[in-house]
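Listed in TrEMBL:
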- 12-148: domain 'EamA' (DOMAIN)
- 156-287: domain 'EamA' (DOMAIN)
- 12-31: transmembrane segment (TRANSMEM)
- 43-60: transmembrane segment (TRANSMEM)
- 80-101: transmembrane segment (TRANSMEM)
- 107-125: transmembrane segment (TRANSMEM)
- 132-149: transmembrane segment (TRANSMEM)
- 155-171: transmembrane segment (TRANSMEM)
- 183-200: transmembrane segment (TRANSMEM)
- 212-234: transmembrane segment (TRANSMEM)
- 246-265: transmembrane segment (TRANSMEM)
- 271-289: transmembrane segment (TRANSMEM)
Amino acid sequence: MELERVKSRGTSGNTWAVVCFLVFGLMPAYWKQLSNIPPRELVAYRIIFSFIFTMSLLGFQGKINKIKDILSTREKRKYIILSSISIGLNWLFFVIAIGRGKVLEVTMAYYINPLIVVLIGVFILKEKLNRYEIISVLLAAIGVLTITYRYGKAPIGAIIIGATFAFYGLFKKYAHVDSIMGLAIEMLLLVPFAIGYILFKEFNGTGFLREIPTHTFVTLLFSGMATVVPLMIFSIATRLVSLSTIGFAQYISPTITLFLSIYIFKEPFTTSHLISFGFIWLGLIIYTISQTMKKQI
């Protein structure tokens, strides 16, 4: 029904894809407003409000009763548990990076994410790479090594954020559950830990809730919506356009985040960063073109 309404309004898939990745790209600006909240508490609140929002959506759609059926399937349950762990870790390292003023690391994470997916395919799924994919991965590796050599340490945050999101995508693929239902179940599995952690901090006297400014709390209330709405837009876009279009459009997101980090958050973007990102961009261009050619064969 949702898809038919979208089509009837004449909204093109390309528009939805662009809007989706524009929103994803601007999200660091939203989370930056909450950087005064300790990362673990922020993730806990995000889980709680995402749980409330997704369950409300499922309740409105009359789909809550399907959760039991999905969790009763051993194979689906296994992959949803793994995806919930992956997204929890991804959110944690994401907000840590944002809070520490390392939005550039977040940018790098989502640029290298497709190439991490390729490595997962090689080492875990035993897939074979063509020469273009090998070149792409090597160029991305050179990009990461360049920044490592310049600053004496690897961009661990970027690698962890990129890797956890790549594994999240892998587990979601094998779970065969739609994005909103899947996220709702993931939040259902994580919310007891989130509530437990918040209660522990509050009763311990070290919680943030009693000291949180009103405007920060209001912003925090929208974290569930800020998490779920982009996924809903993405779900619509993927049903209206080809995967190759999504493949190209996904780079809108980190590109916007890159501009945010440089021009809004004033993070230093040195020659070393330019060289590093240059190798990664070149690898992505080769990879994306090779994937498009592969789909056309």
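Positions of Cβ are set from backbone N, Cα and C atoms, glycine also.
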Exercise for the section: Could you tell me whether the transmembrane segment (246-265) and the transmembrane segment (107-125) are in contact, taking contact to mean 3+ Cβ pairs under 8 Å with a sequence separation of 6 or more? Expected result: yes
Completion exercise
Ranking 80-101, 212-234, 271-289 by Cβ pairs under 8 Å to the transmembrane segment (132-149) puts first 271-289
Handout entry: Interface present between the transmembrane segment (155-171) and the transmembrane segment (12-31) (three or more C-beta pairs under 8 A)
Key = no
Practice task
Give me the stretch from 43-60, 80-101, 183-200, 246-265, 271-289 with the greatest number of Cβ pairs under 8 Å to the transmembrane segment (212-234).
Solution key: 43-60
Handout entry: In contact by Cβ distance (the transmembrane segment (271-289), the transmembrane segment (43-60); 3 or more pairs under 8 Å)
Key = no
Handout entry: Same-chain residues at least 6 beyond the ends of the transmembrane segment (155-171) whose Cβ lies under 8 Å from its Cβ atoms
Key = 79-80, 82-83, 86-87, 89-90, 93-94, 96-97, 102, 105-106, 108-110, 112-113, 116-117, 120, 124, 144, 147-148
Exercise for the section: Sort the residues of the domain 'EamA' (156-287) into helix, strand and coil with DSSP and give the three counts. Expected result: 112 helix, 0 strand, 20 coil
Completion exercise
Other same-chain positions with a Cβ less than 8 Å from the transmembrane segment (80-101) and lying at least 6 residues past its termini are 28, 31-32, 34-35, 39-40, 42-43, 46-47, 70-71, 109, 157-158, 160-161, 164-165, 167-168, 171-172, 175, 177, 182-183, 185-187, 189-190, 265, 267
Exercise for the section: Looking only at the domain 'EamA' (156-287), report the model's average pLDDT. Expected result: 89
